[in-house]
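Step one of this worksheet: look at the structure below.
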Amino acid sequence: MMESAVTAHTLRIAMAQFDFPVGAVTQNTDRIIEYIAAARDEFEADIVLFPELAISGYPPEDLLLRPGFLAHCEQALARIAAATRGIVAVVGWPQSAGSVVYNAASVLREGRIEATYRKRELPNYAVFDERRYFDVDPDGDNCVVTVKGVQVGVVICEDLWFAEPLAKTVQAGAELVLVPNASPYERGKHAQRDALLAERTRESGAAIAYLNVVGGQDALVFDGASVVADGDGTVHPAAAAFVDQWLVVDYAAGERSFTPVVWVDDGDESMDALAWRAVVRGLKDYCGKNGFRKVWLGLSGGIDSALVLAMAVDALGGENVTAVRLPSRYTAGLSNDLADEQCRALGVKLETIAIEPAFEGLLAALGPLFADTQPDITEENLQSRSRGVILMALSNKFGGLVLTTGNKSEYAVGYATIYGDMCGGYAPLKDLYKTEVFGLAKWRNTVGGAPVIPPAVISRPPSAELRDNQTDQDSLPPYDVLDGILYRYVDQEQSRDDIVAAGYAADTVEHVLRLVRLNEWKRHQAAPGPKVSRRAFGRERRYPITNGYSGQ
């Protein structure tokens, strides 16, 4: 954390970039009250700003349908208001008003609720479905209050992506606008956000303090990266992404400009660095918030499980991670050696349980029915399911969460065994294509000294090792081709003809698209994993399992 010298200022704003877990109303309220005291007493702030729906956490989803939950949030706001002696606080909460609920932010001062703003633009796309829960107040007022002679307005998150809410707030007299957010991370979002802030400040002339929540919530990871922008369009360097921290700024009213006072620099803002930190934060918070102190994973000596192991160690510490080597008759000696090498390097306990007894037992049990058949993918899947049973048994007996190691490419085309390698409670690589997995592994090996993933893991051909001399490319196109097609089809919703026009072979495109369609049922049963792309599998890509449409 860096601090600049305290200088004369018109307004000091303390922006609370912290994690406010969904549903933890009492915990969030206690922390908000503590943060109010810190902002007033430690930073001598005039205003303390909290994220969107800080009291309830975001997104509360169907908790908002429970009257008791809404009443609890309202009671919490009253408690918080009572703590606002000598400081102004802006706090997000779900406001119940008869039969409707608003996504609201209230201005609290000297023990009372001075004003409340109700969000006008409710996102209803991708991961958002706010119109399921919230209403827009057609008669809602602008929220502008005076703090030390400065006219301060409030709008909420999505409101900033439309010109009208900010314009109306400025027309009502605001020169400084506070924007509480709960905006989840995806690749490229920081540049998009900074461009938006520059545009909005230039067109309105208002200065903007943009606060985003931080932390993992199921498949969503909120990155923080809060930022301020001067009235002339200058966007200051952001606070660190995925870090709980204060961002304290001094606002000069006459100049409509900010001077950062307390902040944490973001450091490496490369795409790989941000994606890594998103996954690690998502994994850490999923475990912590759901009561898992340790994790298990099957370590094969391949790239996917090696990357998940490194992520788990970064998230939880090596002492809380147990890797399990599950060799079969088809496992190469190199695979065993690489698993052992990585665990030694990371200080992770490695257990070895051969799957041959379980596999042979299943073959014997099924033998009478399989007598007149030839071995095929069924026998391959029995190996994967044997591994899944063993990992889940360890979790049941000793506690801890099993991590699955599949990637987005595999989930897309069904190159994963349901109840086998898909067993587990969290999928760190779920929104990373195989080519991105390789890229992240190479990037992580450049950070912090010795490689955390053996280089031979990265360089060897990917293989499920379920039969002799098997490689992934026996069943799939090369990953650079496969991922190029998948990105266009899944992330960008391009048609078959569009993808072929981009240079991909028509028969390959048709094969890949058919696999995607056929494996919707598998994806519906997959564990959650952190969203890092514009279009992740899960709540933002809602295709029916039973689907008669085969058009492109």
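Note that Cβ sites are derived from N, Cα and C of the backbone, with glycine treated the same way.
Straight from Swiss-Prot, the features:
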ACT_SITE  Glu52  active site, proton acceptor
ACT_SITE  Lys119  active site, for glutaminase activity
ACT_SITE  Cys157  active site, nucleophile
BINDING   Tyr125, Ser183, Lys189  L-glutamine binding site
BINDING   Gly298, Leu299, Ser300, Gly301, Gly302, Ile303, Asp304, Ser305, Thr405  ATP binding site
BINDING   Asn381, Glu410, Lys522  deamido-NAD(+) binding site
DOMAIN    11-253  domain 'CN hydrolase'
REGION    275-552  region 'Ligase'
Closest of Glu52, Ser300, Asp304, Asn381, Glu410 to Lys189 (L-glutamine binding site), Cα positions, recorded positions only: Glu52
Cβ-centroid neighbourhood (8 Å) of the L-glutamine site, Tyr125, Ser183, Lys189 excluded: Pro123, Ala126, Val127, Phe128, Pro184, Glu186
For Lys522 (deamido-NAD(+) binding site), the one of Tyr125, Ser183, Gly298, Ser300, Gly302 that lies nearest, given that the binding-site residues are compared by Cα: Gly298
Neighbour count (Cβ, 10 Å) for Ser300 (ATP binding site): 27
Least Cβ-crowded entry, counting other Cβ within 10 Å, from the binding-site residues listed as Gly298, Gly302: Gly302
CB-centroid shell, 8 A cutoff, ATP site Gly298, Leu299, Ser300, Gly301, Gly302, Ile303, Asp304, Ser305, Thr405, site residues removed: Leu297, Ala306, Val308, Leu309, Ala339
Mapped DSSP class for Gly298 (ATP binding site), helix or strand or coil: strand
Non-site residues, in chain order, whose CB comes within 8 A of the mean position of the CB atoms of Asn381, Glu410, Lys522 at deamido-NAD(+): Ser384, Gly406, Gly414, Tyr415, Ala416, Thr417, Ile418, Gly420, Asp421, Met422, Asn519
Pairwise Cα distance for Gly298 (ATP binding site)/Tyr125 (L-glutamine binding site) [Å, integer]: 36
Candidates Glu52, Ser300, Gly302, Asn381, Thr405, Glu410, namely the recorded positions, that fall within 10 Å of Ser183 (L-glutamine binding site) by Cα distance: Glu52
Cα-proximity to Lys119 (active site, for glutaminase activity), 10 Å cut-off, over recorded positions Tyr125, Cys157, Asp304, Asn381, Thr405, Glu410: Cys157
Neighbour count (Cβ, 10 Å) for Thr405 (ATP binding site): 25
Between Asp304 (ATP binding site) and the residue listed as 'active site, proton acceptor', the C-alpha gap once rounded to whole angstrom: 35
Average pLDDT across the domain 'CN hydrolase' (11-253), rounded to a whole number: 95
Around the Cβ of Lys189 (L-glutamine binding site), the count of other Cβ atoms that are within 10 Å: 16
Least surrounded among the recorded positions, given as Lys119, Lys522, when other CB atoms within 10 Å are counted: Lys522
